[in-house]
């Protein structure tokens with residue numbers, strides 16, 4: 001009887017995995033070639049099939065992580081890998097401040113910490129191209145970047161204060177079934193600093209990196225560029241050991257691993 | 001006696017020598033770069049409309065400026081909320097005051113609650129990006145950079161992070177004043193005023209939290225053009241003040257991002273304008289142009305009391321978009337300079353008596369006589385709109401003290417022939433309407449008898465009057481023709 005049940009559940013699990021081809025809490029994203037707003041000379045970028053977490057990593061999940069990996073606890077993390085504000089909203093190594101919610105995204109984490117977390121789960125941080133690819137979808141289409149409503153929504157979040165204190169999942173899932181890529185927190189990507197932004201945006205205009213060439217043209221693409229400008233500007237302003245109140249992360253995985 | 005005089009003269013001489021010695025000690029530096037700094041000092045920063053104390057005769061110092069960036073919600077006009085991005089929590093940002101030769105150590109602090117990275121480009125800096133590149137700072141971090149102040153003048157500073165226009169449009173600009181050696185000449189009052197244009201998703205006045213509208217900003221279609229960040233920041237309790245006889249100096253900047261300002265103070269002439277905030281001084285200026293990303297210092301002595309209105313003389317911006325401030329001046333009247341209203345006379349071009357409207361044409365009877373009451377009303381309304389409305393107003397309410405009302409008018413309803421006569425022949429002298437005395441002149445109206453009948457029927461059948469129907473025959477009877 002007991003073995004039967006065991007076998008059944010195993011079969012069910014197997015069917016589950018087979019039919020969806022994805023790990024728990026992740027969704028599969030079909031890769032494609034697309035042109036990022038800017039980046040590597042505005043050329044076409046190929047994104048392979050990959051999986052991405054449905055939600056950003058929460059305080060609760062991060063708490064489990066630091067319980068099992070003590071070297072990433074608040075008091076033990078090395079300053080070279082996480083600056084002085086690391087887990088600033090935590091009371092101590094294993095407790096959040098009373099005002100914080102377990103189901104809010106974890107923030108005040110460095111790139112090194114985020115990377116370690118994902119690796120601990122057998123995952124990795126998404127690349128910037130992967131992240132941007134998944135995030136250009138709205139509720140109905142894969143690439144909503146030309147839609148006015150999509151861009152306005154993103155821009156309005158940039159202006160909304162304290163959104164990091166919200167719980168995950170309050171923003172509708174997008175075409176791929178992913179929540180909160182926009183509207184909650186900024187998110188680390190594995191190669192966040194591969195697009196170099198000097199901090200003097202007007203100068204970047206003249207540089208060969210073409211970051212801001214879009215700003216010279218008028219039309220519908222402008223609004224979409226502006227929404228993305230701010231993301232790239234943000235990424236350009238951080239270093240890997242920075243920990244920031246509005247910056248969290250989620251993990252990704254190659255699709256091939258589980259196919 | 002003699003020796004005493006000698007002693008006196010010697011001591012006087014030595015005193016003179018001492019002074020001249022001191023004078024010699026005051027070195028002229030070949031360039032501002034050479035001016036040495038002594039001691040450190042924390043810079044006083046002020047929110048508009050106030051400015052820090054003048055530098056006066058102080059020596060060049062190492063000046064530490066700590067500027068915090070805050071993204072916070074505020075009210076742009078009654079009932080309309082807007083998320084401002086600010087230097088120091090105000091729009092425009094904190095006023096910085098320094099002198100030539102100062103070495104400024106600038107600390108730019110990006111509050112941890114902020115969403116975005118920012119930086120600062122100070123037009124007073126000689127260096128790449130005006131400091132923008134060195135000050136690019138993520139939320140929850142502080143960047144420090146240092147610069148030597150070489151050029152005197154009034155300069156704009158602003159955020160230059162992508163998208164630059166949006167950062168400026170949300171309020172990230174302010175002024176830094178660099179005073180020359182010895183400071184600007186002292187004045188009685190100094191104020192900080194900065195214009196900016198705002199672009200909101202909803203139209204001007206649309207209530208609620210309004211997001212920034214990038215498309216309008218690109219098109220330069222501003223919904224609000226304001227002084228000091230919001231409509232009415234310089235009116236009512238926020239009005240600038242001065243006393244008669246004082247000299248007022250305004251540090252006026254224009255943050256833009258899009259519009260150029262035609263800065264004017266209604267009722268004043270700028271005695272002095274430091275054109276574009278530089279060394280060039282112009283005198284006796286009515287309106288001075290302040291470019292976006294530029295500034296000017298204006299000075300004027302207020303001679304008489306009253307309220308003086310600060311405007312962008314692109315005048316719809318002032319009266320419809322918010323670019324209006326007030327300077328309230330208290331003190332004694334000076335009738336020699338401004339008399340105020342002396343008399344309110346009726347202006348009559350050709351002598352006294354009841355006037356006719358100037359016309360050479362004989363009055364022509366209407367080609368199309370009104371056939372019904374409805375037509376009388378319709379034609380009458382047209383006549384009213386052309387002839388009567390200017391004085392008696394659109395709803396017959398008149399203007400208190402000047403033009404009597406036609407609405408619910410006891411004078412009108414009491415005597416129809418008298419009313420017809422007034423239209424045909426004019427009326428002057430004191431009359432009492434609804435208990436109010438009027439002493440004015442109504443001119444003879446050059447309209448046909450048919451038209452008189454129509455317009456009077458319209459008036460009698462509107463606004464609570466007694467519904468008399470005036471016929472052409474009744475008019476003819478009164479006219480006696």
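Using N, Cα and C of the backbone, Cβ positions are placed for all residues, glycine too.
Sequence annotations record features per position, and here TrEMBL assigns signal peptide to B:1-23.
Residues or ranges marked as Cu cation binding site in TrEMBL: B:118, B:123, B:158, B:159, B:167, B:172, B:313. DSSP assigns residue B:123 (Cu cation binding site) to coil in the three-state reduction, outside any helix or strand.
TrEMBL lists B:375-463 with the feature domain 'Cytochrome c'. When the domain 'Cytochrome c' (B:375-463) is classified with DSSP, helix, strand and coil residues number 45 helix, 17 strand, 27 coil.
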Packing count at residue B:172 (Cu cation binding site) (other Cβ atoms within 10 Å of its Cβ)
30
Those binding-site residues in B:123, B:158, B:159, B:172 passing the chain A Cβ proximity test, under 8 Å, are none
Suppose you look only at the domain 'Cytochrome c' (B:375-463); what would the mean pLDDT be?
86
Among B:118, B:123, B:158, the one of these binding-site residues whose Cβ has the fewest neighbouring Cβ atoms within 10 Å:
B:123
For residue B:313 (Cu cation binding site), list the number of other Cβ atoms lying within 10 Å of its Cβ atom.
17
Judged by other C-beta atoms within 10 Å of its C-beta, the most isolated of the binding-site residues B:159, B:167 is B:167
